[in-house]
Amino acid sequence: MAELPDTRERLTPDTFLRGLWEENPVFVMLLGMCPVLAVTSTTVNALAMGLATTFVLVCSSLLVSLLRNWIPKQVRIASYIVIIATFVTIVDYAIQAISLELYAALGAFIQLIVANCVILGRAEAYASKQKLMTTLVNSLGMGAGFTLALLSLGTVREILGNGTILGISIFPADFQPWIVMILPPGGFFVLGAWLLLFNWLRLRKERKAAEPTGVIADAR
Amino acid sequence: MHAEPLSLIFLNAAIVNNFVLALFLGICPFLGVSAKKDTAWNMGLATMFVMLVSSAAAFGINWLLTELDLLFLRLICYIAVIASAVQLVEMFVKRFSPALFRSLGIFLPLITTNCAILGLALFQTTKEYDFVQSIVYALGAGAGFTLALMLMAGLREKLALARVPSVSQGAAMSLMLAGLLSLAFMGFAGLGGSHG
């Protein structure tokens with residue numbers, strides 16, 4: 001992520017949108033893969049995990065941005081981690097209070113948000129250099145992008161592996177669910193398939209751009 | 001206290017519930033440093049060492065915090081201990097093998113955010129393992145992590161010579177491979193007894 005400019009960024013729509021697509025933490029940067037694969041066997045779990053991560057991401061980015069002039073450079077990583085761990089503890093207790101069922105389903109992965117490299121990466125590469133407002137918008141975008149990725153895995157895996165979406169059955173009764181999709185290998189396969197799709201789209205776009213004919217230009 | 005035999009704990013952590021392929025912990029280094037076999041081996045050993053240190057420390061911390069009734073500080077303390085252990089390994093590697101230090105690159109400090117290590121500390125707490133059981137569990141987890149990393153590195157070295165369609169190059173191919181490996185490891189399910 002060294003290509004991010006060192007100077008302060010102006011607040012533009014792109015500050016938010018970048019996290020959704022161009023720098024999507026999961027599909028493009030391949031960060032924070034563990035929860036992406038582990039808790040996406042159903043849509044509800046994926047959504048809860050996405051929201052919890054977004055909360056921690058936004059809060060810790062804000063605090064890092066606020067304290068950026070006071071944290072000494074030598075101990076910055078340790079300080080970021082303590083900040084992140086504090087917010088994760090808050091989320092952990094909050095989810096326990098809201099829904100024990102959800103807490104059991106997500107398991108250790110709530111506490112493992114601490115070790116999610118998306119959050120530390122944002123703190124180090126963005127929040128420690130930018131102003132409060134841009135940091136807020138950017139981390140919201142990143143969180144949304146992360147949630148989107150979790151959902152895109154969660155829905156596919158739930159539909160194929162269980163024949164349901166958000167717990168509602170959508171296939172005729174004789175549909176034989178692909179159990180493998182809810183099991184660990186399914187996570188790898190579905191994410192791999194999404195990446196294949198994005199690769200294919202990117203290659204197609206590049207090929208079109210490389211074609212020297214005027215047909216494409218006219219079509220635009 | 002559990003009467004689980006030590007051999008079963010080891011087997012369970014290393015193979016049946018392999019940290020990478022069954023529990024999805026430590027995926028980042030698994031995809032990041034599995035391009036060459038010797039790098040993968042060294043990364044595995046470094047991770048295993050950090051696991052041992054942090055597992056032992058986590059056991060002590062958990063005991064202390066339970067005594068003091070400060071359990072809400074557990075997560076923060078665990079991650080602080082892990083960060084220090086990683087710092088230790090980093091200084092050690094830099095001093096004794098600068099070449100290895102360069103080849104591991106950014107992934108060495110990133111062991112801190114390797115969820116396999118934090119996960120290990122959290123699981124051993126949930127399972128209420130005693131000290132010896134915790135150490136064996138850490139050894140098993142480290143061995144399993146190294147095994148997964150080595151398998152992947154071996155496959156990817158072969159793959160480098162194969163002709164792969166341009167669409168599926170890079171991460172997509174690695175994930176498909178990991179899926180197949182994970183499918184193979186599911187064959188061990190049920191060997192180690194209890195889940196988790």
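Every residue gets a Cβ built from N, Cα and C, even glycine.
Residues or ranges marked as transmembrane segment by TrEMBL: A:20-40 (among others).
The transmembrane segment feature in TrEMBL is assigned to A:46-65 (among others).
Look at TrEMBL and you will find A:77-96 (among others) tagged as transmembrane segment.
Residues 25, 29, 31-32, 34-35, 38-39, 42, 44-45, 48-49, 52-53, 56-57, 60-61, 77, 80-81, 84-85, 88, 91-92, 95-96, 142, 146 of the same chain lie 6 or more positions beyond the ends of the transmembrane segment (A:102-120) yet place their CB under 8 Å from a CB of it. Summarising the annotation, TrEMBL assigns transmembrane segment to A:102-120 (among others).
Residues or ranges marked as transmembrane segment by TrEMBL: A:132-155 (among others).
Using a Cβ-Cβ cut-off under 8 Å and counting only residues 6 or more beyond its ends in the same chain, the transmembrane segment (A:175-198) has close neighbours at 26-27, 33, 36-38, 40-42, 152-153, 156-158, 160-163. Annotation comment: TrEMBL describes A:175-198 (among others) as transmembrane segment.
The highest tally of CB pairs under 8 A with the transmembrane segment (A:20-40), across A:46-65, A:77-96, A:132-155, is held by A:132-155. Within its own chain, the transmembrane segment (A:132-155) is flanked in space by residues 8-11, 15-21, 23-27, 32, 35-37, 39-47, 49-51, 53-55, 57-58, 61-62, 64-66, 118, 122, 126, 165, 187, 190-191, 194, which lie at least six positions past its ends and keep a Cβ under 8 Å from the stretch. Panel annotation: around the transmembrane segment (A:77-96), residues 48, 52, 55-56, 59-60, 63-64, 67, 71, 102-103, 106, 110-111, 113-114, 119-120, 123-124, 128 of the same chain, lying at least six beyond its termini, place a Cβ under 8 Å from a Cβ of the stretch.
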